[in-house]
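Summarising the annotation, TrEMBL assigns active site, proton donor to H37. Look at TrEMBL and you will find 30-37, 147-150, V176, 184-187 tagged as ATP binding site. According to TrEMBL, the (R)-pantoate binding site annotation covers Q61, Q153. Under the heading beta-alanine binding site, TrEMBL lists Q61.
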Amino acid sequence: MQTVHEVDAIQRRCESLRREGKTIGLVPTMGAFHEGHLSLMRSARIEDDVVVVSIFVNPLQFGRGEDFDNYPRDLQGDLAQAERVGVDLVFTPSAEAIYPKGFQTYVDVTGLTEGLCGASRPGHFRGVTTVVTKLFNLIRPHRAYFGQKDYQQSVTVRRLVADLNMDIEIVLLPTVREADGLAMSSRNVRLTPEERRAAPVLYASLRLVEERVRAGERSAKDILDAMRATIEIEPLARIDYVVLCDPETLQPIDWIEGPVLSALAVRFGDTRLIDNLPITLS
Ligand code: AMP
């Protein structure tokens, strides 16, 4: 496994691999790996000739007062884990290399980024789509792997790739969870023991939605009330949003007649966690 720090070097290396006829799979990450990240790398390892993982805590996707400075970082541990799953190249650029002096070009996906996390984190998705576009241009992957855990991010990146005619297949993989249902997240290490004990209520509330929908309940308002009540049983949980929306457009749904995505963002102390569960009516 090779670690590459410079943008010119990764571009040259990936260009020469492409010319050799190799397929390139990219897993963009912010590091502090857990099984969710590793599941994406393992899928890329199966599908592609060369697996590239980027580790970059992107300042542009953090708002003022958010946790950029405190975001978990563990480069040495990450490199060891990436090597174990057979990653070929790890790209670890500096913020100065990605956003050099004079940088003034941003990529915005509009409608899809307005609700859910876009509403609570203005500018977040602009940061995501700008850095993802830069990574795609530098690495020119055949496939890029994303987790369903960040559902809004995944549909936004799909839209970006379609709208800008990027010849990249976006592969979306299921959310990896702890045994008690909590979605794995780099931020979970920031939870206090009490918050960690309370956090599985998020997945429990999503499962409750699924049960209610399967039992024939159709009113989003009634289901959302039940979802809120479930989360609020935990005094440490502070709801940012709970929604039932169309899984493709992310527009809120009042009456459930087809596929629906239940999604939430909840704070425990300073730690904001997100999760979601797509539900299909059979
Ligand atoms: P991050 O480092 O948090 O930006 O995540 C990098 C990639 O890993 C994104 O595509 C995430 O959606 C994905 N990811 C994060 N957590 C999980 C999880 N629990 N299961 C599956 N994928 C995940």
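Cβ coordinates are placed from backbone N, Cα and C, and glycine is handled just like the others.
Fair warning: this is a prediction, and the values are worked out from it, not measured in the lab.
A map of TrEMBL features onto the structure.
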residue: M30; record: ATP binding site; DSSP (3 states): coil
residue: G36; record: ATP binding site; DSSP (3 states): helix
residue: Q61; record: (R)-pantoate binding site; DSSP (3 states): helix
residue: Q148; record: ATP binding site; DSSP (3 states): helix
residue: Q153; record: (R)-pantoate binding site; DSSP (3 states): helix
residue: V176; record: ATP binding site; DSSP (3 states): coil
residue: S186; record: ATP binding site; DSSP (3 states): helix
Sequence-ordered recorded positions from F33, G36, H37, Q61 with Cβ under 6 Å of an atom of ligand 1: G36, H37
Cα distance (Å, whole number) from Q61 ((R)-pantoate binding site) to the residue listed as 'active site, proton donor': 19
Of the binding-site residues listed as M30, F33, G36, Q148, S186, the one whose CA lies nearest the CA of Q61 ((R)-pantoate binding site): M30
Cα-to-Cα gap, M30 (ATP binding site) vs Q153 ((R)-pantoate binding site), nearest whole Å: 14
Among Q61, Q148, Q153 [binding-site residues], residue with fewest other Cβ within 10 Å: Q148
Q153 ((R)-pantoate binding site) versus V176 (ATP binding site) - Cα distance in angstrom: 16
Protein Cβ atoms within 10 Å of G36 (ATP binding site), excluding its own: 21
Cα-Cα distance linking F33 (ATP binding site) and Q153 ((R)-pantoate binding site), given in Å to the nearest integer: 18
